[in-house]
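Lifted from Swiss-Prot, the feature list:
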type: ACT_SITE; residues: Glu155; note: active site
type: BINDING; residues: Cys111, His154, His158; note: Fe cation binding site
Amino acid sequence: MIKMNDITRDGNPVLRKRAEKLTFPLDPKYLKVADEMMEYLKNSQDPAIAEKYHLRAGVGLAAPQIGLSIQMASVLVPGPDNTIDLEETLVNPVIVSQSVQIAALEEGEGCLSVDKDVPGYVPRHDRITVRYQTLDGEEKTIKLRDYPAIVCQHEIDHLKGTLFYDHINKENPLDIEDNAILIG
């Protein structure tokens, strides 16, 4: 079970490396890692388990965040009324198209690997199309918008060695395009 002590923190060079592409069939150790990453997300979103193990809530976890420089990320995005908007482990994900429309989270973004609040808007594309492989190697394409799109862009950034605060305007953190959508 992944716990907060297992999360790679900002400053560790693995978070700034471009992750290695995976080949199929996946090594069984990577299948286990994928299960553990999704388990962390589920546990972190369960208030009782999160409190018991002192887990910070997360909606996404990329392999570099647990010290592995491989192109794999798990996302578990809750929807309204206890539904799930997106539950998937993305292997070798690539954003193949994106909207011109920019969006940002009204409250800003956070990250399990960044232990401090970093205020500011993180401009993202409101709609994206992502091509990736499943854990079985099947190629899939998904279209995402709003919050799920932001979550996936955040996780895919981890695979490129980019952290969310790299996108924040350094001179004016609350500066964003006039027509940007604030989600929150």
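Heads up, the Cβ atoms here are built off N, Cα and C, so glycines get one too.
Quantities reported herein were computed from a predicted structural model and do not represent experimental measurements.
Cβ neighbour count for His158 (Fe cation binding site): 24 (other Cβ atoms within 10 Å of its Cβ, all protein chains included).
Taking the centroid of the Cβ atoms of Cys111, His154, His158 as the Fe cation site, the other same-chain residues with Cβ within 8 Å of it are Gly60, Ala62, Gln65, Glu109, Leu112, Ser113, Glu155, Asp157, Leu163, Phe164. Proximity of Cys111 (Fe cation binding site) to non-local residues of its own chain (separation of 6 or more, Cβ distance below 8 Å) is seen for Asp10, His154, Leu163, Phe164, given in sequence order. Sequence-distant neighbours of Glu155 (active site) (same chain, six or more apart, CB under 8 Å from its CB) are Gly60, Leu61, Ala62, Ala73, Val75, Leu90, Pro93, listed in sequence order.
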